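The annotation [4Fe-4S] cluster 1 binding site is assigned in TrEMBL to B:62, B:65, B:159, B:193. Summarising the annotation, TrEMBL assigns [4Fe-4S] cluster 2 binding site to B:232, B:235, B:260, B:266. Taken from TrEMBL, the feature [3Fe-4S] cluster binding site applies to B:275, B:294, B:297. Residues or ranges marked as domain 'NADH:ubiquinone oxidoreductase-like 20kDa subunit' by TrEMBL: B:62-206. Here TrEMBL flags B:227-306 as domain 'Cytochrome-c3 hydrogenase C-terminal'.
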């Protein structure tokens, strides 16, 4: 099925790639981060394939497990990331290209760290907490 | 409403991390057709949002809208939107029935007078109030009663928004839309048969996050975020239309190659909806991607427009006249030929002569 669909393309991949290039220039020149929502433009399987083949695979692949999986991958063009959100059934929720030094969702969020501090303290305070 | 927990607290209680919340906001921002860079603002707005009381009224409908909004959700993010509102009455979903259910509705109205949100699916019969009643109360009476203390009304589905299928010729029940009855409250129409589930929930989320004023609507009362562009504008088959490559039947080479379905009756050029980008079944596909022409279900009177498999260029009612303008203005005559297209449209309409795609080709 994937094979059958894969030849369809809207011609939108190249304009997006040029947008990415301009965004990368802006990131280097002024530090401006850009997020491109791939769900907001017509993007068929053939476009996706062209985007993937031009950007290529990069050094970082991370999986976040929060409300289903999120795959964060740096592409072969450093500073250009793919962030794909899926729900608990593995269905796509949203897809982004982020032009940034570090996608926000990869960082530990302050609120999570604050809650984690409480969790750790509670674990250490338990009477049956391991001592060695 | 003050004792109802805020969304981030609810998420925390459900063991959802801040990352999960950020992901939720990123997806919501995408659904609301806002620029992705606004995701942090959506997050901030949702952090402070309280849970409004919601009363859902189902009148002359098939329950397809409720099926759609509930079926594909739990336990995905949309479920959270439901946790973020207080759904106080929905006679299909709630356990209580009869007088107990009506008591819940009345209590919610009293506690939240002036602030609750009313969601309506289904049309309202005017020919005889007995055609559709709930707990002995006619639809008309229940709508008027409940609307009185509402902050706003969301009409989900084409029946509530435009009368829909019950309203179709010869309209035996005298079915009308919500806006035909209620004129003194803000009404947001979310048409579709059914509407895309995430569109329904996203409209609610936008109401929750940014308030009623943030929801900009078009001349048919539809939120512009989801109904400002036609399916045709965003269709992945559009390049074939632009090149004049059409499927002529459901089993020819063009159909197999995924060419444009315009000649098979596709209403995409005159139908405003985000089907082509948001898609259905958690973003899997939409009718045109499955090889079937769009039926135009988000537009008024879609059922009475001359046949689902006739090309738009065959005029049959007001809706089709619009179709001719869109099609003639687009590819056949070129964008600059818009004025000519309009005159073709009005003369065809005046004479009520059938115009086929071939006729249009000859005129170009």
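Here the Cβ of each residue, glycine as well, is placed from N, Cα and C on the backbone.
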Spatially closest candidate among B:232, B:260, B:266, B:297, the listed binding-site residues, to residue B:65 ([4Fe-4S] cluster 1 binding site) (Cα to Cα): B:297
Minimum Cα separation from residue B:193 ([4Fe-4S] cluster 1 binding site), reported as the residue among binding-site residues B:232, B:235, B:266, B:294, B:297 that achieves it: B:297
Inter-residue Cα distance where the pair is residue B:159 ([4Fe-4S] cluster 1 binding site) and residue B:294 ([3Fe-4S] cluster binding site), in Å: 18
List of the binding-site residues B:62, B:193, B:232, B:235 facing chain A, defined by a Cβ pair under 8 Å: B:235
Neighbour count (Cβ, 10 Å) for residue B:294 ([3Fe-4S] cluster binding site): 28
Reduced DSSP assignment, residue B:266 ([4Fe-4S] cluster 2 binding site): coil
Residues within 8 Å of the B:62, B:65, B:159, B:193 Cβ centre (excluding the [4Fe-4S] cluster 1 site residues themselves): B:61, B:63, B:64, B:121, B:122, B:157, B:158, B:164, B:165, B:194
Distance [Cα-Cα, Å, rounded] between residue B:266 ([4Fe-4S] cluster 2 binding site) and residue B:297 ([3Fe-4S] cluster binding site): 11
Structural state of residue B:159 ([4Fe-4S] cluster 1 binding site), classified by DSSP into three states: helix
Candidates B:232, B:235, B:275 (binding-site residues) - the one closest to residue B:62 ([4Fe-4S] cluster 1 binding site) by CA: B:275
Shortest C-alpha distance to residue B:232 ([4Fe-4S] cluster 2 binding site) - which of the binding-site residues B:159, B:275, B:297: B:275
Top Cα neighbour of residue B:159 ([4Fe-4S] cluster 1 binding site) in the set of binding-site residues B:235, B:260, B:275, B:297: B:297
Surrounding CB atoms that lie within 10 Å of the CB of residue B:62 ([4Fe-4S] cluster 1 binding site), all protein chains: 17
Spatial separation of residue B:275 ([3Fe-4S] cluster binding site) from residue B:260 ([4Fe-4S] cluster 2 binding site) - C-alpha basis, Å: 16
Distant-in-sequence Cβ neighbours of residue B:235 ([4Fe-4S] cluster 2 binding site), under 8 Å, six or more positions away: B:241, B:260, B:268, B:276, B:288
DSSP three-state assignment for residue B:260 ([4Fe-4S] cluster 2 binding site): strand
